[in-house]
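Some features that Swiss-Prot has for this protein:
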{"type": "BINDING", "residues": "22, 56, 57, 58, 80, 81, 82, 113", "note": "5-amino-6-(D-ribitylamino)uracil binding site"}
{"type": "BINDING", "residues": "85, 86, 127", "note": "(2S)-2-hydroxy-3-oxobutyl phosphate binding site"}
{"type": "ACT_SITE", "residues": "88", "note": "active site, proton donor"}
């Protein structure tokens, strides 16, 4: 039986971080965490592209373009959707996640979903360097592991 598992070894692949400007106080921390995680694992700044889009709704279309270019080993999607008084939250959060999944399945490029969908600002802060860690860092580590795994798989 063959066992495949990625690891955090540095790779020659490029990484794209696509982040929304909406809720920048949160997303800027997520981006910094992702960049720090990649750098801490041997990925140079010249191998990281940061792409900013207006909001979470626009992340999947940018991810699709980046994935289709074939220039990146993985895409790290970062955003923050906070529940409000309308159903808009559900539309944005759910369809963003669905769009990101579609991109990775259609292109074969791993897309890590670090788009926070939270009830309150405090929940987002807890996941952007607070008591629940930094989801940008976690997505970057998962991206690195998946790039390595994709290189191993037949």
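Cβ coordinates come from backbone N, Cα and C, glycine included.
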Q: Drop a 10 Å sphere on every Cβ of the recorded positions 88, 127 and tell me which sphere holds the fewest other Cβ atoms.
A: 88
Q | C-alpha spacing of the residue listed as 'active site, proton donor' relative to residue 80 (5-amino-6-(D-ribitylamino)uracil binding site), in angstrom | A | 13
Q. Between 86, 113, which of the binding-site residues has the fewest other CB atoms within 10 angstroms in the structure shown?
A. 86
Q) If one measures from the C-alpha of residue 113 (5-amino-6-(D-ribitylamino)uracil binding site) to the C-alpha of residue 127 ((2S)-2-hydroxy-3-oxobutyl phosphate binding site), what distance in angstrom results, rounded to a whole number? A) 13
Q: In whole Å, note down how far the CA of the residue listed as 'active site, proton donor' lies from the CA of residue 57 (5-amino-6-(D-ribitylamino)uracil binding site).
A: 11
(Q) Between the two most separated Cα atoms in 85, 86, 127, the residues recorded as binding (2S)-2-hydroxy-3-oxobutyl phosphate, what distance in Å do you get? (A) 23
Q. Which one of the binding-site residues (58, 85) has its C-beta surrounded by the most other C-beta atoms within 10 angstroms?
A. 58
Q. Of all the binding-site residues given, 56, 80, 82, which has the fewest Cβ neighbours within 10 Å once its own Cβ is left out?
A. 82
